[in-house]
């Protein structure tokens, strides 16, 4: 299919949409709050289903929608995830603040029919907290729920779709009974293609190499996701022993001239690039010239403007390297769209199975469990990949999402202080990065996209810059100089506490207690020299747990229980704040159990009283955690 044919087809579709509009077809507004792209992908799925039902569709991230217009809407689906400790995603925080204004009248949304679909992870205490709270608030404002809030769960053996699929069936049954299509209008079949969001226009006349760089920072604004700051990599050092299985990097960036300010607990956001090998492989599979340039035209500019991160014109290599997440594990929507291009009977049947509700167990077995990449799936379906229309690339492959890293340094540290330890400097950001690499049943080892890319950057070979920006993290440290802090940070979970200890010592706050855990004292004891200097200076207290240095494994939770008397005194008598940071697998729950044992042993509490005290500490900010999976 060539571009001229595409444009004619799209114009016909748009003309048909105008005719439907004149027949007063119902319109659905889909609003989403997404941190990693999953909620956005689900929202787009709802939008496609609405298009197939001949409904008008508008779709926005919640913070790009004028929330004041909500009072005049009639039909809205909200799709939202929950981040951190029950927080809304970054792209719905302004909407969240507005919606919870106490000044909003109780019946202000009385015209609105709505449905809320939440995406969460039941291993976290505040599972789908944002969706539940949004659902309740909309009812308080007089809106009518079409059906109960959907609570999709990453922990389900079939993933979020185990909830999303039946929820959507009920949603459409209810919606079409209240908002029926006009007489004579019938839904599109599943095999009928929807128009792409964009049309590619390849520019044969551009032959010279254009300088394509991320958008420059706005001189009058702080760096952001659309205008990151190109920070020079100062150093990239491995901090684990060469014989240790885990490669962990200490990376330092120069942020001079960025206007970035940060405090302990803040995080730096970094959007990685695909490897040169993956870029070349992708271009070969789709028979694309990586050095060819193109421009994009949206098929409907009101709902899908050209992505701001893509220059116009743009090289194919730039698109694949910096924008398309070809190394991601593809979602079900990927297989649904890919199936529409299949002409090979065997491939079409397999893709249809993988994208069907009945084939979700097979999809998880093929894709999710072994962590198969989109690039590998395309290679597994060569006939279909060869038929893929390039205009659908941005519909098929999602955008690379930024990763967050706890900042492991402080701007307050004086660079003139002489020490044997690598110190944080003014205008520098430091992070600890565990390079992700593991085996599945697939022959090729799985690698974390961002950690592998960062580890590959070598400033000794020439200047290397990483586009980044900073946002507030979930950990808040006390301003009162007399308030002690108790920090439990095994592994790279120690990163935010390194920042906090540096910052607090610079402010004259020395009531700092750190529990650090790792496998071996000689192989992965991060910042060892720094901790020993600070302990010797009387600026902190350190307890360590090296799990593999003796026959019986010792973890940070064991050290917490051993220091019951000290911890009880700090918490009960000195109002200490207790922090946990690290992997969300088993450690946080084990440390919480150990802390409750402290309350029971030293405070004479029952199990329920200890739990109540922990809950109370969390509500008042005296217990804080930042964990990741």
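Cβ coordinates are placed from backbone N, Cα and C, and glycine is handled just like the others.
It should be emphasised that the depicted structure is a prediction, and the values quoted were computed from it without experimental measurement.
Pulled from TrEMBL:
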- 34-39, 81-84, 119-128, 154: FMN binding site (BINDING)
- 371, 403, 404, 405, 406, 448, 449, 450, 451, 628: FAD binding site (BINDING)
- 492, 547, 548, 553, 554, 555, 556, 557: NADP(+) binding site (BINDING)
- 28-172: domain 'Flavodoxin-like' (DOMAIN)
- 226-478: domain 'FAD-binding FR-type' (DOMAIN)
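The structure, with features from TrEMBL marked on it.
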{"residue": "81", "record": "FMN binding site", "CB count, 10 Å": "27"}
{"residue": "84", "record": "FMN binding site", "CB count, 10 Å": "19"}
{"residue": "451", "record": "FAD binding site", "CB count, 10 Å": "20"}
{"residue": "492", "record": "NADP(+) binding site", "CB count, 10 Å": "25"}
{"residue": "547", "record": "NADP(+) binding site", "CB count, 10 Å": "16"}
{"residue": "548", "record": "NADP(+) binding site", "CB count, 10 Å": "13"}
{"residue": "553", "record": "NADP(+) binding site", "CB count, 10 Å": "12"}
{"residue": "554", "record": "NADP(+) binding site", "CB count, 10 Å": "16"}
{"residue": "555", "record": "NADP(+) binding site", "CB count, 10 Å": "18"}
{"residue": "557", "record": "NADP(+) binding site", "CB count, 10 Å": "24"}
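Calculated from their C-alpha atoms, the gap between residue 81 (FMN binding site) and residue 404 (FAD binding site) amounts to 16 Å. The closest partner of residue 492 (NADP(+) binding site) among the binding-site residues, by CA position, is 84; the full candidate set was 37, 84, 124, 371.
Sequence-distant neighbours of residue 127 (FMN binding site) (same chain, 6+ apart, CB under 8 A from its CB) are 82, 120, 121, 151, 153. The Cβ neighbour count for residue 556 (NADP(+) binding site), using a 10 Å radius over every protein chain in view, is 26.
Looking only at Cα atoms, residue 371 (FAD binding site) sits nearest to 37 among the binding-site residues 34, 37, 548, 555, 557. Residue 406 (FAD binding site) counts 27 other C-beta atoms within 10 Å of its own C-beta, drawing on all protein chains shown. Note on proximity: of the binding-site residues 84, 406, 449, the one nearest residue 548 (NADP(+) binding site) is 406, by Cα distance. A C-beta separation below 8 Å, combined with a sequence spacing of at least six in one chain, links residue 34 (FMN binding site) to 40, 41, 43, 61, 79, 80, 81, 89, 91. Checking each of the binding-site residues 124, 547, 554, 555, 557 against residue 406 (FAD binding site) by C-alpha distance, the shortest gap belongs to 124. Take the CB of residue 37 (FMN binding site) and look out to 10 A: across all protein chains shown you find 17 other CB atoms.
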